Amino acid sequence: MAMRQTPLTCSGHTRPVVDLAFSGVTPYGYFLISACKDGKPMLRQGDTGDWIGTFLGHKGAVWGATLNKDATKAATAAADFTAKVWDAVSGDELITLAHKHIVKSVDFTQDSNYLLTGGQDKLLRIYDLSKPEAEPDVVSGHTSGIKKALWSSDDKQILSADDKTVRLWDRSTMTEVKALNVAMSVSSMEYVPEGQILVITYGKTIAFHSAETLEQIKSFEAPATINSASLHPEKECLVAGGEDFKLYKYDYNTGEELESYKGHFGPIHCVRFSPDGELYASGSEDGTLRLWQTTVGKTYGLWKCVVPGKCVLLFSFSWCYLAASSRNLSSNINGNHHLNLLWDLYCHLASS
């Protein structure tokens with residue numbers, strides 16, 4: 001008999017969670033940032049979901065959020081016509097980048113020196129973060145609001161999506177290389193650098209394209225409208241979520257549905273695999289994030305397989321820490337004393 005998924009539920013947001021992103025694996029683990037319509041993006045420990053802090057400063061819904069590779073910087077895109085760059089260790093706001101309309105997407109280059117933004121004004125902007133006062137490079141060509149914009153091909157190209165069009169741009173010439181038209185409104189886009197794969201969702205379709213040519217590799221049809229999909233780092237499987245509150249897991253090679261289960265109490269807006277592929281996160285209209293095991297029953301993070309066929313969750317220490325901390329991001333990821341004491345307690349319980 002198949003083991004039952006037991007997700008970790010991450011509360012704290014008060015409105016729908018519309019975007020999330022993981023950092024790379026760092027010496028301190030990996031981290032997760034979430035964007036929410038409550039205007040308060042949150043940073044969490046990626047493998048446990050434990051709350052680290054909240055970035056305070058936006059005056060409207062936050063539509064996009066990302067972390068750089070080593071989790072030292074965060075960037076957010078918001079309805080207050082700004083994108084912000086944050087110190088992800090101290091929580092300090094470093095830069096505010098004013099726009100002329102709602103900002104929907106932010107993405108760092110691999111060296112964290114440049115930030116790409118896109119939003120309702122139909123323009124892509126590239127900011128040199130060492131010269132935040134300088135005017136950004138601007139790329140025009142979209143005919144409707146930009147939903148997602150991502151660096152690709154070692155930051156030499158840009159992928160962006162508006163309502164029904166995905167465009168590929170050359171960074172050096174700032175010109176369009178190719179455009180891909182789809183039948184319905186694009187709901188999400190993920191770039192997978194290993195293998196140069198672009199994952200696009202629209203309607204009930206989950207499509208995979210070459211990130212270098214936009215040629216289609218394959219596509220799957222889901223039973224419901226899909227809002228987001230993510231490909232496992234090893235390309236073994238993919239997960240997707242959408243309007244029917246369910247999460248779907250498919251075999252990437254065959255398209256076979258491996259699992260499906262109700263994941264939230266509202267439509268699912270975003271899903272992403274962790275950088276090690278051991279779990280995936282989902283964010284929903286119900287205001288929560290949930291973490292799910294890729295391999296159910298495996299001991300990992302707060303999941304502990306105590307007897308064959310039975311997996312339990314250890315308690316999460318984040319609420320103890322939350323009660324003793326200020327609401328802004330004041331903890332040092334690299335070594336807050338109280339956090340270390342709680343972590344030692346958690347590790348003791350996990351190994352007992």
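Just so you know, glycine gets a Cβ as well, placed from its N, Cα and C.
Here's what TrEMBL has on this protein:
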REPEAT    55-96  repeat 'WD'
REPEAT    96-137  repeat 'WD'
REPEAT    139-179  repeat 'WD'
REPEAT    261-302  repeat 'WD'
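Listed as Cβ neighbours of the repeat 'WD' (261-302) (distance under 8 Å, sequence separation of 6 or more from its ends, same chain) are residues 2-11, 13-25, 30, 32, 34, 36, 38, 44, 46-49, 188, 190, 227-234, 237, 239-247, 309, 311, 313-316, 350. Applying DSSP to the repeat 'WD' (55-96) sorts its residues as follows: 0 helix, 22 strand, 20 coil. In terms of DSSP secondary structure, the repeat 'WD' (139-179) contains 0 helix, 22 strand, 19 coil. The average pLDDT computed over the repeat 'WD' (55-96) stands at 97.
When DSSP labels each residue, the repeat 'WD' (261-302) comes out as 0 helix, 20 strand, 22 coil, counted as helix, strand and coil in that order.
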